[in-house]
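K.L.:
The structure follows.
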Amino acid sequence: MPCDGLATCPGCILSSACPRGERTNIMKICQKCMDTPELYDWLYLGFMAMLPLVLHWFFIEWYTGKKSSSALFQHITALFECSAAAVVTLLVNDPVGELAIRSCRVQMLSDWYTMLYNPSPNYVDTLHCTQEAVFPLYTIVLIYYAFCLVFMMMLRPLLVKKIACGLGKTDRFKSIYAALYFFPILTVLQAVGGGLLYYAFPYIILVLSLVTLAVYMSASEIQSFKNLVAKKKRLVVLFSHWLLHAYGIISITRLDNLKQDLPLLALVPGPALFYLLTARFTEPNRILSEGGNGH
């Protein structure tokens with residue numbers, strides 16, 4: 001029903017914010033969120049879900065990849081942990097027990113930061129009307145991170161203790177210790193910058209995937225197709241980055257126009273091909289030798 005006074009939040013629910021799962025409509029009345037997430041919303045959630053998995057894989061490889069054959073099992077375990085956390089997160093969110101979610105459509109950046117728009121009707125007292133106007137995109141990520149942490153603490157220590165015998169007692173748990181650091185960081189990142197990430201993540205994916213691919217190929221001294229196919233691991237890394245390139249392109253275009261957007265996926269191999277074709281011209285030893293010869 002409409003508001004009778006000014007000293008209430010939009011929605012007039014006991015002078016407080018709308019309940020979780022609701023937001024105000026154009027009439028300033030609380031209304032239940034019944035929309036289904038758009039493709040871009042799912043891509044955003046996928047990006048936020050990939051962050052802990054990629055960080056898990058990075059630290060597992062960093063601490064155990066070259067020292068122990070257990071790295072593969074830890075990679076698989078990390079994938080299982082994040083996948084199980086994603087499924088459970090969907091099941092516990094509304095509608096409970098279904099692998100689906102209902103949502104409120106994101107209309108503008110301020111929807112993510114309702115705490116910054118608490119009204120002051122008499123310019124003295126502030127009404128705290130903070131609500132999740134982007135339900136459930138804000139809290140579902142935090143819930144997912146919590147389940148990721150729980151599953152990791154339940155499974156990973158037992159696995160590492162059983163199969164990582166080739167590592168010292170300190171080294172074998174370092175990838176787990178790293179997760180205990182990056183999960184709080186990811187939580188704060190979502191809590192503070194969730195709205196900014198929602199609009200910027202496609203470009204973040206593209207930039208980071210391009211930079212990390214160039215760094216990897218340079219560090220691995222890959223300067224030709226022969227070097228690239230010499231090891232299966234290099235191909236896995238390459239195809240993984242290609243998937244990230246495609247993910248970023250799809251997120252930017254949102255596939256609104258398939259005839260126009262799908263051909264852009266042909267650009268995915270471009271950066272790797274450009275690197276391989278130009279790497280020999282920028283090889284430091286070649287440059288130094290040519291400089292010494294006066295060329």
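Even glycines carry a Cβ here, placed using N, Cα and C.
Where the annotation comes from TrEMBL, it is an automatic prediction and has not been curated.
Okay, these came from TrEMBL:
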type	residues	note
TRANSMEM	42-60	transmembrane segment
TRANSMEM	72-92	transmembrane segment
TRANSMEM	135-155	transmembrane segment
TRANSMEM	176-197	transmembrane segment
TRANSMEM	203-222	transmembrane segment
TRANSMEM	234-250	transmembrane segment
TRANSMEM	262-279	transmembrane segment
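Could you tell me the structural context for the features on the list?
P.N.:
Only residues 6 or more beyond the boundaries of the transmembrane segment (135-155), in the same chain, are considered here, and those with a CB under 8 A from a CB of the stretch are 20-23, 33, 37, 41, 44-45, 48-49, 52, 56, 77-78, 80-82, 84-86, 88-89, 92-94, 101, 103-104, 106, 112, 176, 179, 183, 186-187, 190-191, 194, 198.
For the transmembrane segment (176-197), same-chain residues at least 6 beyond its ends with a Cβ under 8 Å from one of its own Cβ atoms are 44, 47-48, 51-52, 55-56, 59, 63, 109, 111-113, 134, 137-138, 141-142, 145, 148-149, 152, 156-157, 160, 204.
Counting only same-chain residues 6+ beyond the ends of the transmembrane segment (234-250), those with a CB under 8 A from a CB of the stretch are 43, 46-47, 202-203, 205-206, 208-210, 212-213, 216, 220, 222, 227-228, 261, 264-265, 267-269, 271-272.
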K.L.:
Other than its close neighbours in sequence, what residues sit by the transmembrane segment (42-60), given a CB gap under 8 Å and a spacing of at least six beyond its ends?
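P.N.:
Beyond its ends, the transmembrane segment (42-60) has Cβ neighbours at 71, 74-75, 78-79, 81-82, 86, 137, 140-141, 144-145, 148, 152, 174-175, 178-179, 182-183, 186, 190, 197-198, 201-202, 205, 247, 250-251.
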